Structures are given as C-alpha cells and as structure tokens.
Amino acid sequence: MMTEWKVLAQGALDAVKAARAEILTIMKRVYEVQYKNDRSPVTEADMASQAVLIEKLHQVDPSIPVVSEELKTIDYDTRLTWPRLWMVDPLDGTKEFVRGNGEFTINVALIENHQAVIGVIDWPVGDITYMAIKNEGAYRLEKTGSIRLHSHSFSNPANVVISRSHRQSEIDWVRRSQIAIRSIDYVGSALKFCRIAEGRDDVYPRLTPNMEWDSAAGHILVAEAGGQVVDFLGHPLQYNKPDLHNEGFVAVGDWAAWREYFVRQGTFSK
C-alpha cells in the first residue's frame, strides 16, 4: 500500500504542477469572473485547473473517481461504494486570486476509509508545493530540495492564523477559548494549514461551514507534521460523508496538549 500511495502521490504532484501552469497563464491576462448562488467567485482559472487535474489524475489511475468543487456533487449512495476517491479544490482562495494577492492554492487529497491518506497543496505564486503521505511525514518541496515539516509544540500565548474573510468571529472564538494571543496572521486559502504544519502558527480556527475539499489536503499535512484537525467535539474530521460540508474545525500543531488545556479550561466549544 505504501508503495502505491507513493506512486499516486507523485501523480498528484504532477497534476498540480500542470494545473499551476494553467492558472499562472490565465493570471497574466484579463479573465472572466462569475458568481455562484452563494456569491462566491469562480473564474476561468478554476475551471481550467479542474480540467487539467481530472485529466492527469485519471491518467494515474482511471479507477479512482474525482470529487471537485466545480463538479456536480455525486449522491452519497454512489460515493459510499467507492473504496477511495480524489478530493480536489482546483483553486482554493478564488477571492484572493481575484484580488491579486497571491494567497491561493491547488489542493488534492486521496481519501480512503473516510480519511485523507495523501495530501498535496501547491502554492503557485510562491513556487512551493506541500505534500504528505500517511505515516510518511509532511514535506515542503522547493527547487532546492525537500524539507520535512514539524508543527509547533503547545504554546500559550499562541500564534493564531485565521481567514481574511471571517476575522472577527474567529478572533472572538480564540478569546472565548481563553487562548492568549501572541500574534494573529491573516492568510487566504489552505496556506493556513501549511503555516500550522511548518510550526509558524499554533492555532487555526474555522467557525463557518466549509467543504471537505477545503480541508482534506491540509488535514493530512497538519497530521503528518504532528498536529491535528478536529471538529468542535474534538474528533478528527472525516471525509466522504453523506453531507460534504464541515461545520467548522480547529487545526492545531499539538492536539494532545491543546486538548488537555481545553479540558482543563472547559472552553472548547463553537
């Protein structure tokens, strides 16, 4: 299984690199922006990236289905029969892409038994890719080589990272949870998970509902770096659920220590 995961992980790496090239090409010119029913933007780059990812992932193993943000959702009865699947966000942080601040990523995760076992997060503008394989560690891949990632041990005051789009509610949660704040970083897309995995930040709360493809690749990256991503009952997030929404989560660099702290304080709730 481990050898097969490595082959699939390499295929995912190749796929995100191809998708990166498409996105960066579109980024250099005028592109169309449309808005979905929830008023979230979708661009040519989202669709072009998705098309490339699906093509490349099918070339790796055509038997593995793909669930992606811009594809029609497959009913659970069908998904339940799948032993594994790719969970894809072809352009995570479309708002940041449109704003031009560079904080967007391409996220690909392989799901088996409701868990992410491979995660790849590509940061096109930074020319950096993050990868994790279950029981094999988490890595940052750069032109100069790969660096194994280790999340930060328990620290309170903590370095907190939150979304650019949901600032106040998440800051309020941190304070309700009696977490002393050393610093707050405002970051778009799955780069927040990367910061937890790198040990640059300690806590990333997400209170608003989000989708499984928003968290799957980041989850395995954080977990393999030594942290965890849990719901507000303290359980690690599950994937390929009947409803593909997450109702919120907290990513931390040292879950055992944070869990003990929250239990002691009696403050862990949404």
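Quick reminder: no glycine exception, Cβ is built from N, Cα and C everywhere.
Taken from TrEMBL, the feature substrate binding site applies to Glu69, Leu91, Asp92, Gly93, Thr94, Asp214. Around Asp214 (substrate binding site), the same-chain residues six or more apart in sequence whose CB sits under 8 Å from its CB are Asp89, Asp92, Asn107, Ala190, Asn246, listed in sequence order.
With a 10 A radius on its CB, Glu69 (substrate binding site) counts 23 other CB atoms from all the protein chains. According to TrEMBL, the Mg(2+) 1 binding site annotation covers Glu69, Asp89, Leu91, Asp92, Asp214.
Under the three-state DSSP scheme, Asp92 (substrate binding site) falls in the strand class. The Mg(2+) 2 binding site annotation in TrEMBL covers Asp89, Asp92, Asp214.
Each of Val88, Pro90, Gly93, Thr94, Thr105, Ile106, Asn107, Ser189, Ala190, Met211, Trp213 belongs to the same chain as Glu69, Asp89, Leu91, Asp92, Asp214, is absent from that list, and has a C-beta within 8 angstroms of the C-beta centroid marking the Mg(2+) 1 site. In sequence order, Ser40, Pro41, Val42, Thr43, Ala45, Asp46, Phe104 make up the list of same-chain residues 6 or more apart from Thr94 (substrate binding site) whose Cβ falls under 8 Å from its Cβ.
Looking only at other Cβ atoms within 10 Å, the busiest spot among the binding-site residues Asp89, Asp92 turns out to be Asp89.
The DSSP secondary structure for Glu69 (substrate binding site) is coil. Apart from Asp89, Asp92, Asp214, the Mg(2+) 2 site neighbourhood in this chain, defined by C-beta within 8 angstroms of the site C-beta centre, holds Glu69, Leu91, Gly93, Thr105, Asn107, Ser189, Ala190, Met211, Trp213, Ser215, Ala217.
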